[in-house]
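Written out below as C-alpha cells is the structure these notes cover.
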Amino acid sequence: MGGGTEAFPDLGRHCQHSDCHQLDFLPFKCDGCHKVFCLEHRSYKSHECPKSDHKSRKVVVCEICSTSIEIRGEGEEEKMVLERHEKSGDCDPTKKKKPTCPVRRCKQILTFSNTSVCKTCRLTVCLKHRFPSEHACKQTSTAPAEAARGGWNDKFLAALASRNGKDCAKKGRLSSSPTTPSVKAY
C-alpha cells in the first residue's frame, strides 16, 4: 500500500498491521520484519513481529569450564554453540572451580570483597563465617599459650619503648620503683 493524499501522494505510508491501515505521515519501519507501522503498532509486541529476537543477546555458561559465551539472535542454538566451544580447544576444565567457603554446607564463592582470613586458624572463609564460632575454628596451640603468659603485652611494651627511645619494657616489670606521673596535679 502506498501512502499520501491526493495533493501529496508520496507523503506518509499506511500502517501494515492487519487491523489498522492508518495513514501515518511519520511511519516507523520495523528492523525485524521490515514492514511499516504507525506509532501505535511500532513495537515488536504490538505487531507480533516474527523476528523480534534478531537483535537479542543471550549468554550461555559452559558447564565444563564456566566460560560465558554470548549468543546473538541470528538463530544460533545453545547446544550447537556449546558443542562448537568444546571442540574449539578453548574449553579448559581446570578453569571451572572457583574458590568456595570451606565451611560445611556453605557454597558461597569467595571473591575479593567476600573473603576473610581467620586470625586464629588462618582459614580463608566467607564473611558470614568470619568469626571463630561460625566455622568451628581449630585454634593453634601457640595462640592460647602466648595469650596465657602475656606474650602480647611484652610485645606491646617493647614496641612502646622503642617508640619512646627508652627500654621501659624490661625496667618497668623488674623494678618496683614508683614512676613519675605523666599528668601533673595542681
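Any Cβ shown, glycine's included, is placed from N, Cα and C.
Across the domain 'AN1-type' (9-57), DSSP classifies residues as 0 helix, 9 strand, 40 coil. Per TrEMBL, the feature domain 'AN1-type' maps to 9-57 (among others).
Sequence annotations record features per position, and here TrEMBL assigns domain 'AN1-type' to 95-145 (among others). The average pLDDT for the domain 'AN1-type' (95-145) in the predicted structure is 80.
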